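These come from Swiss-Prot:
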type    : residues                                                                              : note
BINDING : His16, Asp174, Ala175, Lys176, Arg249, Phe250, Asp258, Arg264, Lys265, Ala281, Lys285 : ATP binding site
BINDING : Asp18                                                                                 : Mg(2+) binding site
BINDING : Glu44                                                                                 : K(+) binding site
BINDING : Glu57, Gln109, Asp258, Lys289                                                         : L-methionine binding site
REGION  : 109-119                                                                               : region 'Flexible loop'
Amino acid sequence: MRNSFLFTSESVSEGHPDKVADQISDSIVDLFLAKDPEARVACETLTTTQLVVLAGEIRCKGVFEDGEWAPGALDEIEATVRRTVREIGYEQAGFHWNRFRFENNLHGQSPQIAQGVDEGAGKDEGAGDQGIMFGYASDETPDFMPATLDYSHKILERMASDRKAGIAPFLEPDAKSQVTLRYANERPVEATAIVVSTQHAPGYYFHNGEGDEAKYTELRKYVLGVIADVLPAELLTANTVYHINPTGRFEIGGPDGDAGLTGRKIIVDTYGGASPHGGGAFSGKDPTKVDRSAAYITRYLAKNIVAAGLARRCTIQLSYAIGVAEPLSIYVDLHGTGTVDEGRIEAVLPQLVRLTPKGIRTHLGLNKPIYRQTAAYGHFGRQADGDAFPWERTDLVDKLKAALAV
């Protein structure tokens, strides 16, 4: 790796239209898993001005069976969608949780897909689709995440918390952040540029002589304070450039400003561009879908490898075929930072964790309603707490060391 370089990652807030769609989709996943831990869900969401549309396939005992909805199920789905939007904070003329039109186009899962995936006599549960999945970890932050993405997430998470608490009442739900860091010897040494664009209450802008300079100064001062709280002080220098709402006025936002779709922020969801991505989104999918569960187990394995001191950086790839239980390939890359041969680690991992779809779900406890909270501010680098974010645990460290005799 080069000795000195710049690297950038971005994040988007829970009020970004694509993230609104992700959170709605995962709220539906949680709704069905709470009723049937073996539910099959593939829920896509479209959001736009005063409209939310669901589409996809499901199978859920007691909710949708034999092509029929259970009494009250459709009302519960709509209530879940509206509650999710309300919790995000949308009560605007162009997008209001209690006034948008709602369309539910969910229907039954294809029996031809089900026959390849379901367990049967003498047959293990197969992968729900073919594909490649990547996991990554780095020791550059306590969360074992790329610092550029870690800080981008935390800036927006703090702003959302302050908005909901009334500390920053001039903020509205839609926002984006971007952090550029200079690295030396693979360590972040300086923030060269930070971008924050946030939707705001009327009047809180000043651009090309238009707007209210005092209100914009208040907003800018607040955002700079959040940045100073999130980033380590030694990274912020006299040369750091700040772009706070650089286009000026940002009053129309969220689904009223741009249409949102599930699965369009997969780099924000994962590693901010620091790692390869297999291309499959997570939100709206139950954990039998390896796009989701295999991405979680690869993060878990990579994080435990780095936490065990076996490497400073680790990338893992798994691949699957639809209807086939075992992965087709396992690949480990320690980026020249490892203390153990990568081939040895590749051989050991399947001995420690069964990497079939069912094995992954069992090891991590994924058949639970834990997904809405993953759908904003990143699926990785979060705090494992009870059932939440189990792929962030580091409980495999000792077993890895023992298996590799280190």
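Glycine too: its Cβ is placed from the backbone N, Cα and C atoms.
Structure coloured by features recorded in Swiss-Prot.
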residue : record                    : Cβ neighbours (10 Å)
His16   : ATP binding site          : 28
Glu44   : K(+) binding site         : 22
Glu57   : L-methionine binding site : 17
Gln109  : L-methionine binding site : 19
Ala175  : ATP binding site          : 28
Arg249  : ATP binding site          : 16
Asp258  : ATP binding site          : 15
Lys265  : ATP binding site          : 24
Lys285  : ATP binding site          : 27
Lys289  : L-methionine binding site : 23
Inset, instruction - Would you mind sorting out which of Glu44, Glu57, Gln109, Lys289 (the binding-site residues) have a C-alpha within 10 A of the one on Asp258 (ATP binding site)? - result: none
Legend entry - For Asp18 (Mg(2+) binding site), nearby residues of its own chain (Cβ under 8 Å, 6 or more apart in sequence): Val12, Gly260, Leu261, Thr262, Arg264, Lys265
Inset, instruction - Please tell me which one of the binding-site residues listed here (Ala175, Arg249, Lys285) sits closest to Glu57 (L-methionine binding site), measuring Cα to Cα? - result: Lys285
Legend entry - Where the residue listed as 'K(+) binding site' sits in the secondary structure, as DSSP reduces it to three classes: strand
Legend entry - Gln109 (L-methionine binding site) to His16 (ATP binding site) - Cα separation in whole Å: 29
Inset, instruction - Using C-alpha atoms only, work out the spacing between Arg249 (ATP binding site) and Glu44 (K(+) binding site) and round it to an integer in Å. - result: 31
Legend entry - Extent of the L-methionine binding site in Å [max Cα distance among Glu57, Gln109, Asp258, Lys289]: 30
Legend entry - the region 'Flexible loop' (109-119) [mean pLDDT, rounded to integer]: 66
Inset, instruction - Between any two of His16, Asp174, Ala175, Lys176, Arg249, Phe250, Asp258, Arg264, Lys265, Ala281, Lys285, the residues recorded as binding ATP, what is the biggest Cα to Cα distance in Å? - result: 36
Legend entry - In three-state DSSP terms, the structure that Lys289 (L-methionine binding site) belongs to: coil
Inset, instruction - Have a look at the binding-site residues His16, Glu44, Ala175 and say which one has the shortest Cα distance to Lys289 (L-methionine binding site). - result: Glu44
Legend entry - Length of the line joining the Cα atoms of His16 (ATP binding site) and Glu44 (K(+) binding site), in Å: 16
